[in-house]
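What TrEMBL lists as active site is Asp247. For His13, His15, Lys99, Asp247, the entry in TrEMBL reads Zn(2+) 1 binding site. As annotated by TrEMBL, substrate binding site applies to His15, Leu16, Arg17, Asn41, His136, Leu219, His251, Ala263. The Zn(2+) 2 binding site annotation in TrEMBL covers Lys99, His136, His174. Positions annotated as domain 'Amidohydrolase-related' by TrEMBL: 11-310. Annotation comment: TrEMBL describes Lys99 as N6-carboxylysine.
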Amino acid sequence: MTSLTITRPDDWHIHLRDGEQLKDTVGHAARYLGRAIIMPNLVPPATNTQLALAYRERITSHIPQDSQFKPLMVLYLTDNTTVDDIKQAKASGHIVAAKLYPAGATTNSDSGVTDIKNIYPVLEAMQEAGMLLLVHGEVTCADIDIFDREKVFLETVLTPVVADFPELKIVLEHITTKDSVDFVLAQNKNVAATITAHHLLYNRNHMLVGGIKPHFYCLPILKRNTHQQALVEAATSGNAKFFLGTDSAPHMKHKKEAACGCAGSYTAHAALELYAEVFEQENALDKLEAFASFNGPDFYNLPRNTDTVTLVKEPWTVPQSYALGEDVVVPIKANEDISWQVK
Ligand SMILES: NC(=O)N[C@@H](CC(=O)O)C(=O)O
Ligand SMILES: [Zn+2]
Ligand SMILES: [Zn+2]
């Protein structure tokens, strides 16, 4: 196959950052995505409607005229989020979900939730309002191994939440383990998951064998290849519980290539193209449209996009970096070829 036309895709988990970086991150995201769920882990985080809507304005000011890109905003949950915060967010019409960052689990999560019980009234209000809960699913206990943090989160946090809020729609974001695939499959229709391109393309050997590769360091951390294989099977299965969320997370080059490097991998320069490589390898290009363009809006109860984009098989070489404000970001597959591009 040398050309593939699908319904315009959306990205159900992306980081655009803020300030001088926005023109660059929005530029990449707005090239062909219809919508994107914009992560709220800014400094300071977007913890209320006013902050989220102001952030939305800053994003939209960078969307090119000819793009139809639409940012979907997310509220950052803290121990202090109130039921009223949820009601206001829902009423705004622009905030479609709230995000659970266990405090300390990932980049800019220090203001996150320290104990899930602290937000039980908020989860109740979200369930009632029909607002989705997005989850960074890792525990943060010092004595739990970093490779086990997602699995332990399923057992100790998510299992009770699903039992206590059966009507709450939950997206387990950027899943990295077979445990999460099995968990999501075992739940009712209100539990789904996003999968990144980098977790489909890589496992921890890519990050650690032959020298440490900081641009593969993201959270949840890349796991062993058996987990990678389970993710590939889930993504390419056509099952409606799994959909596209790149978790494209730009960090300045010098903050990644450092003695203590930041977590996050940048994929927005080639989001759909990277997934296409995986789906092609699996002989599953016919399933790409469901994963990229149908399952996400269906789960969010939003209309599917009505126009199309076309991928063509014309190899190109990824630049070694892209502008990111005053600095640069090193993308996934820097200096390597990608066989697909969006026309
Ligand atoms: N995935 C990451 O490793 N980093 C993300 C945060 C997140 O999504 O957990 C970031 O904001 O940089
Ligand atoms: Zn996360
Ligand atoms: Zn993320």
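A Cβ is built for glycine as well, from the same backbone N, Cα and C atoms used for every other residue.
Just so you know, TrEMBL annotations never went through curation; they're auto-generated.
Structure coloured by features recorded in TrEMBL.
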| residue | record | Cβ contacts under 8 Å, 6 or more apart |
| --- | --- | --- |
| His13 | Zn(2+) 1 binding site | Ile37, Met39, Leu134, Glu173, His174, Thr194, Thr196, Gly245, Thr246, Asp247 |
| His15 | Zn(2+) 1 binding site | Thr25, Ile38, Met39, Asn41, Asp247, Ser248, Ala249, Pro250, Gly264 |
| Leu16 | substrate binding site | Leu22, Thr25, Val26, Ala29, Ala36, Ile38, Met39, Ile59, Pro71 |
| Lys99 | Zn(2+) 1 binding site | Met39, Pro40, Asn41, Val74, Leu75, Tyr76, Leu77, Leu133, Leu134, Val135, His136 |
| Leu219 | substrate binding site | Ala105, Thr106, Thr107, His136, Glu138, Ala263, Gly264 |
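DSSP classifies Lys99 (Zn(2+) 1 binding site) as strand under the three-state reduction. Shown are the binding-site residues Arg17, Ala263; of these, the residue with the fewest other Cβ atoms within 10 Å is Ala263. With a cut-off of under 6 Å between the Cβ and any atom of ligand 3, the recorded positions Arg17, Asn41, His136, Leu219, Asp247 reduce to Asp247.
Around the Cβ of His251 (substrate binding site), the same chain contributes Thr107, Cys262, Gly264, Tyr266, Val329, each under 8 angstroms and 6 or more positions distant in sequence. The average per-residue pLDDT of the prediction over the domain 'Amidohydrolase-related' (11-310) is 98, rounded to a whole number. For the Zn(2+) 2 site, the Cβ centre of Lys99, His136, His174 serves as reference, and the other residues of the chain with Cβ at most 8 Å from it are His13, Met39, Leu100, Tyr101, Thr106, Leu134, Val135, Gly137, Glu173, Asp247.
Filtering His13, Leu16, Arg17, Lys99 by Cβ distance to ligand 1 (under 6 A) retains none of these binding-site residues.
Under the DSSP three-state reduction, His13 (Zn(2+) 1 binding site) is assigned to strand. Contact annotation for binding-site residues (His13, Arg17, Asn41, Lys99, His136) versus ligand 2: His136, each with CB under 6 Å from a ligand atom. In this view, Asp247 (active site) is surrounded by 27 other Cβ atoms within 10 Å of its Cβ, with every protein chain counted.
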